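Database features (TrEMBL):
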- 117-524: domain 'Major facilitator superfamily (MFS) profile' (DOMAIN)
- 117-140: transmembrane segment (TRANSMEM)
- 152-176: transmembrane segment (TRANSMEM)
- 183-202: transmembrane segment (TRANSMEM)
- 208-231: transmembrane segment (TRANSMEM)
- 243-265: transmembrane segment (TRANSMEM)
- 271-291: transmembrane segment (TRANSMEM)
- 338-358: transmembrane segment (TRANSMEM)
- 378-399: transmembrane segment (TRANSMEM)
- 411-430: transmembrane segment (TRANSMEM)
- 436-456: transmembrane segment (TRANSMEM)
- 468-492: transmembrane segment (TRANSMEM)
- 498-519: transmembrane segment (TRANSMEM)
Amino acid sequence: MAAVSTTTTSQLHISYPARLFKSQSSLINTEKTQLGFKPRGRVQAKCETGMASSAGFGLGNRGRRRKTEGFQRGKPWVVTCTAEGIERGMLMGNRGGGSGEAAAAKKAISVPERFKVVALLACVMCLCNADRVVMSVAIVPLAAKNGWTSSFLGVVQSSFLWGYIFSSVIGGALVDKYGGKRVMAWGVAMWSLATLLTPWAANHSTTSLLAVRAFFGLAEGVALPSMSTLLSRWFPTQERASAVGISMAGFHIGNVIGLLLTPVMLSSIGISGPFILFSSIGLLWLTIWAYTVTNDPRESYCISKSELRLIQAGKSDSPVNSGKLPPLRLLLSKLPTWTIILANITNNWGYFVLLSWMPVYFKTVFGVNLKQAAWFSAVPWGTMAVSSYIAGAASDSLIKAGYSLTSVRKIMQSIGFIGPGVSLLCLNYANTPTDAAVLLTAALCFSSFSQAGFLLNIQDIAPQYAGFLHGISNSAGTFAAIVSTIGTGYFVQWLGSFQAFLTVTAALYFATAIFWNLFATGERVF
């Protein structure tokens, strides 16, 4: 409901004879104005030589005669008020104020469509990671049951990545051609099916389990390119880092949910419990997604004109994709492309080591049982969810403050690599599970700043082919994740310690940070 005040976005010019100022029915002294709005501030009266016609307020000839009379007496006055909501009341001829107030209240509480999009993406990214984590916890009793060695356990853990590495490029190209909505929907449907089939495959044979996990990775490979492309369409540049931060916060919360719920369900229901739960949630999400989101805000029937203008005004240009893939040689001929590829390799190397091996790490190094290991592993990921949003908000704040995109991307990525490197080196000297949990929390919190670095930089340098470039870099990162996941198992088996591998990972973080600061850019390249 609009409030009457001295601060004005428009002025309503109404003329009355002087005697009406003393009347209880005048505009100023009544509890409700004749426009149907209660005044909440001081009404300012002032003399002007020019008056607006009062016919627009439904006063008719009588109002015009009073206007003339007031003007002749030198008593004209101006009611100054905020325009929001009053126009609606006038156009509808509302004098009681009920429907006008309701409409204004409805407008005030309406949720922008882009917020609905990022909320659904945060939910599906949460589910995406929870489905991955279930296996990293369930593999401990499976290994004990089947007598798997540490090296073979790494093979089972990495089977997810066998499919993931192939779907990244293909999925990215499909996102560029068909849009993120459709590709994400098919991905969720397929990985929910694979999740449901995992307990059956584990009971059937090791080969079946590896095949289902590879299919699961094949389906999940489209999630990040779809998310990145959709957010670039739905959010202006100055809000995009925060939107990615919220979505990735959901991704990391999936770790917490998976690590905490899975041990409880394994002990109470059995191996099939968590897999059935998360696959069912995926199908439920899919039904909501199909009727809520569009590939582009311009295709939405629910978005307001003001929100659409805000989104379009916050973009330097709108990429137009011809449906053809860019020459791969052209993409790989530019150093900014290689900074993104190497950043993705380093990020995935460290991330999948921590994701896949933390329950085993706590059990092996500190003798913590399965439920406690899940708890110690979950705390760092939960904190990372908070730091993901902080990283996005900080990035957007720097952009709004006038810093160049190149500077912001370099700052964020430097924090995202140097911080984890230092933390992993210190982890070699942790003596208690609490010390280790604190250092892992620090490593993951710092690494979340990469989301405002290389992940956003893909859209900066190649908005037209962002999905395809994301797929290329993600495939390289996935290969690194396979090597690191399997390599950790062999390092632990050969050396009997995690320390050597943590040192190698820290060195990789430092080297890539230097390369990033030398050759990364926030300007459009393709």
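For all residues, glycine too, the Cβ spot is worked out from N, Cα and C.
Count of Cβ pairs under 8 Å against the transmembrane segment (436-456): among 117-140, 152-176, 208-231, 243-265, the largest is for 243-265. Only residues 6 or more beyond the boundaries of the transmembrane segment (378-399), in the same chain, are considered here, and those with a CB under 8 A from a CB of the stretch are 237-246, 248-253, 255-256, 259-260, 354, 358, 405, 407-408, 411-412, 415-416, 437, 440-441, 443-449, 451-452, 456.
Listed as Cβ neighbours of the transmembrane segment (338-358) (distance under 8 Å, sequence separation of 6 or more from its ends, same chain) are residues 132-133, 136, 154, 157-158, 161, 255, 332, 373, 376-377, 380, 413, 416-417, 420, 424, 440, 443-444, 447, 450, 453-454, 457-458, 461, 469, 472-474, 476-481, 483-485, 488, 498, 501, 505, 508-509, 512, 515-516, 519-520. In this chain, the transmembrane segment (152-176) lies out of contact with the transmembrane segment (243-265); the count of Cβ pairs under 8 Å, excluding pairs fewer than 6 apart in sequence, is fewer than 3. Mean pLDDT for the domain 'Major facilitator superfamily (MFS) profile' (117-524) in the predicted structure: 85.
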